[in-house]
Amino acid sequence: MHDIRFIRENPAAFDAGLARRGLDPLSAEIGAQDAQWRATSTAVQESLARRNEASKAIGAAMARGDAATADALKAEVATLKTRLPELETEEKALAEALQARLAAIPNLPAPEVPEGPDETANVEQHKWGTPRSLNFAPQDHADFGPALGLDFEAAAAISGARFAALRGQMARLHRALGQFMLDMQTGSNAYEETNPPLLVRDEAVYGTGQLPKFAEDLFRTTTGHWLIPTAEVSLTNLVREQILAEAVLPIRMTALTPCFRSEAGSAGRDTRGFIRQHQFEKVELVSICTPEQAADEHEHMLQSAQGILEALGLPYRRMLLCAGDMGFSAAKTFDLEVWLPSQGVYREISSISTCGDFQARRMNARFRPEGEKGTRFVHTLNGSGLAVGRTLVAVLENYQNADGSVTIPEVLLPYMGGMTELTPKL
RNA sequence: GGAGAGGUGGCUGAGUGGUCGAAAGCACCGCACUCGAAAUGCGGCGUGCCCUCACGGGUACCGUGGGUUCGAAUCCCACCCUCUCCGCCA
């Protein structure tokens with residue numbers, strides 16, 4: 001959510017930021033809406049002031065038994081009240097329209113975010129690891145996975161497309177990955193383990209920015225709850241409507257949760273394999289901090305996510321997203337992309353964003369700066385550390401052997417109950 | 001699901017139609033006292049929005065949304081949440 005005062009005072013800068021996202025200028029239109037609302041609001045307040053004044057006088061008149069004055073004043077208020085309801089209705093409608101307008105505008109890119117319309121303009125910043133050289137043609141996990149327990153057919157019969165059942169050794173490896181990641185993030189990376197709600201209300205999804213614009217990407221229950229598309233929603237909203245002491249910041253949280261996405265608009269993309277599912281697990285990282293801490297927290301989060309890939313020995317690269325490729329709430333985003341040998345490309349496995357006070361404003365999450373009066377909005381950051389499903393794909397493909405087996409990465413061995421590889425079954 | 005109790009400022013907690021943005025206490029800030037501190041005394045101390053260059057003024061907010069009234073923290077309706085007991089349940 002944008003601060004209307006910022007738009008009022010810096011219309012040119014606001015429009016320039018929108019332009020970097022490829023959006024048309026809005027400040028003139030919003031400014032007009034704002035001016036109209038303020039004028040109406042002022043009119044309402046003036047009417048109320050007069051009413052309140054008269055009501056006090058009525059009270060005083062009645063106290064001294066002056067019924068005539070009281071009745072005269074009542075008549076005056078009565079006429080006032082014929083106009084007030086419509087003014088109030090108008091003011092409310094204008095305020096709501098303005099809020100709705102603001103709620104649908106994405107965050108502005110940070111100054112250092114590169115220009116560009118889409119992913120082709122993202123900037124590679126860092127590359128780690130070299131893809132294993134195989135003496136055979138790398139296979140697609142969708143092809144050799146089923147023999148290892150990745151069951152798409154049975155899941156399709158139960159739930160339809162974009163679902164999978166993991167069975168036996170495959171389920172074990174998947175669990176091992178999630179546990180390993182959670183252990184890393186709650187260990188030296190110092191994120192607090194959290195087990196949040198998976199079903200949330202409108203306000204929570206609005207707070208992180210998926211609503212009102214992206215309802216079609218979410219699943220909704222008959223009770224009106226939303227299934228979280230990412231634990232970012234639950235974790236970030238844990239501080240909603242709170243005023244935190246500065247001393248408790250930064251608050252670092254992590255959670256291993258299922259995520260649910262309708263994938264509306266993704267028809268035809270990644271239809272094979274485990275890359276794009278309606279349901280997947282992810283270890284999410286969230287940091288709630290002061291504006292001054294945000295840059296360091298962003299870096300720490302990056303290191304925390306990269307550390308998983310490095311520990312697993314998965315080659316990856318880090319991309320700084322250009323202005324046109326960022327998500328709705330982000331001010332600056334890094335994507336981590338993991339090497340997938342079957343496709344010969346790097347694929348997104350983590351997205352790590354700083355949102356400034358954009359989400360905090362929507363959630364009304366503030367802190368009390370020490371030695372300062374008043375409150376300020378916190379800054380929020382979120383990132384995947386990592387997407388477990390896609391990490392499973394990356395492990396399968398990068399550790400595949402010519403005979404269709406998959407070697408278990410060393411760091412996962414303590415989680416595998418003695419298993420050292422996945423063995424194909426016919 | 002049934003029955004009951006309750007949601008007031010950073011916290012505790014008064015307040016059942018007007019002068020209540022709201023007593024009191026705690027916490028916090030300033031001043032006094034003190035060599036210094038504690039204790040004590042005095043004063044201050046909510047948030048959003050609007051108007052104003054400013055000083056300042058107005059308005060809204062006592063869980064949320066409606067309603068009654070000249071006037072609502074206080075009365076009425078709906079909803080949300082918390083707690084207690086019963087039932088059910090992993």
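Backbone N, Cα and C define each Cβ position, glycine as well.
TrEMBL annotations: computationally assigned, not manually curated.
What you are looking at is a predicted structure, and each value in this text was computed from that prediction instead of being measured.
L-serine binding, as stated in TrEMBL, involves A:T230, A:A231, A:E232, A:R261, A:N382, A:S384; the candidate among A:E203, A:E284, A:E410 given for that site is A:E284. Fewest other C-beta atoms within 10 angstroms, among the binding-site residues A:S351, A:N382, are seen around A:S351.
In three-state terms derived from DSSP, A:S351 (ATP binding site) belongs to an extended strand segment. Across the structure, A:S350 (ATP binding site) and A:S384 (L-serine binding site) are spaced 5 Å apart at their Cα atoms. Within the same chain, residues at least six positions away from A:R261 (L-serine binding site) with a Cβ under 8 Å of its Cβ are A:D217, A:L218, A:F219, A:P229, A:H278. Nearest by CA distance to A:S262 (ATP binding site), out of the binding-site residues A:T230, A:E232, A:N382, A:S384, is A:T230. Recorded residues A:T230 (L-serine binding site) and A:S351 (ATP binding site) have their alpha carbons 11 Å apart, per Cα-Cα distance.
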